[in-house]
Amino acid sequence: MGQSIESYIKHLVRDAIGHTLGGLELQRDRKTYVIANWKMNKTVNETAEFFQYVKSSKNVSVVVCPSAQLLYPAHLFIKQSGQPIGLGGQNVHWADKGAYTGETSASMLKDVGCEYVIIGHSERRQYAGEDDVLVNKKVKQALKTGLTPIICIGETVDEKNSARTEQVLSTQLFGALKDLHSGDIIIAYEPVWAIGTGQSATAELAQQTHAFIRSVLKQIFGGQADSISILYGGSANENNAADYSGMPDIDGVLVGGASLQAHSFEGIINVFAKGDQNS
Ligand code: PEP
């Protein structure tokens with residue numbers, strides 16, 4: 001009824017994907033997250049302004065990850081706003097404390113109100129030499145301290161073009177989750193070629209990849225894998241959020257550029273709060 005061909009085809013694809021995954025009755029027992037990664041942006045004043053305007057939603061867990069020096073002011077602004085918004089760091093050190101100039105420990109993050117921390121972002125893997133061994137140490141430290149790690153994985157354009165996506169993701173997951181027994185983690189699938197480029201992965205491709213990631217999580221955690229939220233990240237915005245929110249294995253988004261403005265970030269939150277608007 002008044003449905004565009006594009007939307008009709010999308011539904012056919014979703015149905016097909018649903019069947020391969022065991023049927024459309026798939027339920028999402030997992031938490032849905034919309035998480036902002038502000039990277040190296042914003043001043044204290046801009047942070048105050050953002051939290052004055054942004055409205056969260058009770059259907060979605062909203063988390064904002066500002067740079068380290070903004071964490072405590074952000075914590076106070078969130079409290080002031082009365083919004084149910086979580087706070088996360090963008091990085092953490094693996095040691096408890098000590099002579100590590102310029103670093104932030106997990107207990108310092110907790111101390112300024114963080115409940116989450118991004119670990120293994122591709123930008124850090126590229127310029128800060130973060131590899132799977134280091135990611136694994138940081139994930140363990142985060143869990144030990146009571147922070148939920150948001151573990152980023154993703155393939156480069158060359159790896160994608162040479163059909164190595166699954167191999168790369170599998171290696172990153174087994175590396176990051178080595179010797180781990182708790183599935184109290186969040187995975188963010190962030191194809192490197194989609195980050196900050198405006199070339200987002202199609203929702204269908206992201207869904208297929210998320211289903212693969214879940215199959216690897218099952219090998220590692222067994223049944224616990226069903227309760228692990230897997231987020232998509234890479235040029236997600238208000239316009240494409242509805243496509244992702246309609247997919248059974250996409251449990252939210254990690255957003256960079258489009259999280260910097262309160263109105264666009266809120267637009268994404270609203271899409272996930274309502275579910276798939278194309279249905
Ligand atoms: C990111 O860097 O985590 C990210 C998803 O960035 P963007 O949304 O700008 O592609």
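Positions of Cβ are set from backbone N, Cα and C atoms, glycine also.
Feature list (source: TrEMBL):
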- H121: active site, electrophile (ACT_SITE)
- E190: active site, proton acceptor (ACT_SITE)
- N37, W38, K39, G196, S235, G256, G257: substrate binding site (BINDING)
- S235: phosphoserine (MOD_RES)
Under a three-state reading of DSSP, tell me whether N37 (substrate binding site) is helix, strand or coil.
strand
Counting across all protein chains present, how many other Cβ atoms fall within 10 Å of the Cβ of G196 (substrate binding site)?
12
Could you round the CA separation between K39 (substrate binding site) and H121 (active site, electrophile) to a whole angstrom and send it over?
10
Cα-Cα, whole number of Å: the residue listed as 'active site, electrophile' versus N37 (substrate binding site)?
10
How many Å lie between the Cα of N37 (substrate binding site) and the Cα of the residue listed as 'active site, proton acceptor'?
12
Measuring Cα to Cα, how many angstrom lie between G256 (substrate binding site) and E190 (active site, proton acceptor)?
11
To the nearest Å, how far is the Cα of the residue listed as 'active site, proton acceptor' from the Cα of S235 (substrate binding site)?
9
Please identify, from the binding-site residues G256, G257, the residue with the sparsest Cβ neighbourhood, meaning fewest other Cβ atoms within 10 angstroms.
G257
